[in-house]
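Contents: one structure, followed by commentary.
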Amino acid sequence: MSQNQVPKWIQLNNEIMIQKDGKFQFDKDKEAVHSYFVDYINQNTVFFHNLKEKLDYLVENQYYEEEFLSLYSFEDIKEVFKTAYAKKFRFPSFMSAFKFYNDYALKTNDKKKILERYEDRISIVALFFANGDTEKAKEYVNLMINQEYQPSTPTFLNAGRKRRGELVSCFLLEVNDSLNDISRAIDISMQLSKLGGGVSLNLSKLRAKGEAIKDVENATKGVVGVMKLLDNAFRYADQMGQRQGSGAAYLNIFHRDINDFLDTKKISADEDVRVKTLSIGVVIPDKFVELAREDKAAYVFYPHTIYKEYGQHMDEMDMNEMYDKFVDNPRVKKEKINPRKLLEKLAMLRSESGYPYIMFQDNVNKVHANNHISKVKFSNLCSEVLQASQVSSYTDYDEEDEIGLDISCNLGSLNILNVMEHKSIEKTVKLATDSLTHVSETTDIRNAPAVRRANKAMKSIGLGAMNLHGYLAQNGIAYESPEARDFANTFFMMVNFYSIQRSAEIAKEKGETFDQYEGSTYATGEYFDKYVSTDFSPKYEKIANLFEGMHIPTTEDWKKLKAFVAEHGMYHSYRLCIAPTGSISYVQSSTASVMPIMERIEERTYGNSKTYYPMPGLASNNWFFYKEAYDMDMFKVVDMIATIQQHIDQGISFTLFLKDTMTTRDLNRIDLYAHHRGIKTIYYARTKDTGQDSCLSCVV
């Protein structure tokens, strides 16, 4: 492509990298945004004389749903839009504007013209959340236009649209051990995938390869055959060609098929075995870590023989208690393995392909508030959703199915930097909780019965956070420092406090709690023990100054909250989890999730041109605080995630960043340290090719 064919905004964006006086020209990105609007967005946005004409057109032509708009008078709707436009919001970087208009803004059916600006999308989402309450809609507008809170991609993309996918993006399905159950799980996975959801499945109950069916030995194909079916199903069923279907399979490490399961992700694997798009995760109980640490032989088990012997599925049982009994029981079929060799294989595979994800099962369940419903047995596609589940049993045509509890989770994220600048933790957490609750209550997924049942019974939501590294760097705090952990400790304690408080307030307002609340550690009061006995306020003066003007809940406040919950209960069974925040963090001009950045200046290729995205807030005076994840001490990153994790009732999508010079032994050491520090899950392991490094720090 010749220079004059490259759009002006791309040329300006590229000029960031042309040094002037030995420094990058970060201001060129603002010029690129200006050009993008003047030369492209404004030229390609459909013109309407006024808001009335615009809304009438969008409703009549089936772009917007009429139902939620009809809850308001036109004057009220106008007020909400006025609130959004009064902010005079400007995208600070080309990438943030490009991501919004490319991925989220409503366009004409032929995709050629733009029908929504950022303010329009926010107003529509706010009107949808507020359900007829104009004042609340304005509060939501302010929350989103100030970029204090960001709904997840499916919610932000779909809310208010007539032709849309679901507002919930994340589903977890239990799979029972019969052909009826397996085929029903594949069917439900395809239905959810069609709605744009990512689906993860627990395969730990399935018979291992070579187990008996109706006492006929060597009859079963094992979990890999089911994985192949799922792999094809997700590739077939996507959201009308817009979002690709995506799925994950989890397996307990004590399942006999664990080696075959891992081999599906080997780069050299045979086509008959390899799964191309299905992600995989391994569930590791403490017992396995103990056997590896002591360098003892371990056994993996044929799960159906356990079910026949004990009447319970292996993944529902406590391995610390049952492992030796399984080993000693001659009726439980088993195979001997070397646990260290298996951990080495896990490390090798992760440095090769990034998979599998890892869930340390006992770290999850030691602090799980709802073990009375079920322990947590698997996670989701991004390894941050951790909830109780109960397997369904699908019978033949004229018999009644037993519907269990599957999992759905609707997500959203606080933008730490803006919440801290506006000193609005309490307000933001409570409004965000309300918006997520509305999404949960309006979601009704009819073709996934156990998801539908659980959504009504469990009322789970997942509030997360983004821009941790950006906030720390712009305040001159190194991500790996004790001060950074001190900030995170206080901030996430406060998020937890206000999230519990709002959940209890909603329970009081509605006179309703989540199903089986009575057996939870919220009801017994045990959940609050550490908070009424430990002060989580900042230890460093610099960090205390950041919270100036905000009330930090004290142990006394926690005692009062404990009493309030004892009186009114909790509306949500699960409240907090930290998702990876991919494209949505670009729109927010935010560093992703609570992870360190991967690059100070990202290079992206779109079509025939390159674009550059300097990390939000990056400047020559804070360059070294934007340290790249691959240059960090991963043990310190583990410490940061462990600090945050103690305040998050579910999980954190935690990526490991590895250099290609690391050995499998190095990775095993990080894993074992993560396990020791109480980390619940590890998402991808990303490996960087260090042979291509070039130093940019001299040109700031």
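Residue positions begin at 1 at the first shown residue.
Glycine is no exception: its Cβ is also placed from the backbone N, Cα and C atoms.
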Self-check item: substrate site partner of THR153, SER169, CYS170, ASN380, LEU381, CYS382, SER383, GLU384, PRO580, THR581, GLY582, SER583, ILE584 (as recorded in Swiss-Prot), chosen from GLY198, GLY412, GLY549
Solution: GLY198
Quiz item: Once the DSSP letters are reduced so that anything not helix or strand counts as coil, what is CYS170 (substrate binding site)?
Solution: strand
Practice problem: Work through the recorded positions one by one (THR153, CYS382, SER583) and name whichever has its CA nearest to the CA of TYR683 (site 'Important for electron transfer'). | Solution: CYS382
Quiz item: If one measures from the C-alpha of THR153 (substrate binding site) to the C-alpha of CYS409 (disulfide bond), what distance in angstrom results, rounded to a whole number?
Solution: 13
Exercise. Express in Å, rounded to the nearest integer, the largest CA to CA distance found among the substrate-binding residues THR153, SER169, CYS170, GLY198, ASN380, LEU381, CYS382, SER383, GLU384, PRO580, THR581, GLY582, SER583, ILE584 named in the record.
Key: 19
Self-check item: Between CYS170 (substrate binding site) and ASN380 (active site, proton acceptor): CA-CA distance (Å)
Solution: 7
Quiz item: When you tally the Cβ atoms that lie within 10 Å of each candidate's Cβ, which of the recorded sites (TYR683, TYR684) has the highest tally?
Solution: TYR683
Quiz prompt | In sequence order, the recorded positions (CYS170, CYS382, THR581, SER583, TYR684) whose C-alpha falls within 10 A of CYS409 (disulfide bond) | solution = CYS170
Quiz item: Counting Cβ atoms within 10 Å across all protein chains shown, which of the recorded positions ASN380, THR581, SER583 comes out on top?
Solution: ASN380
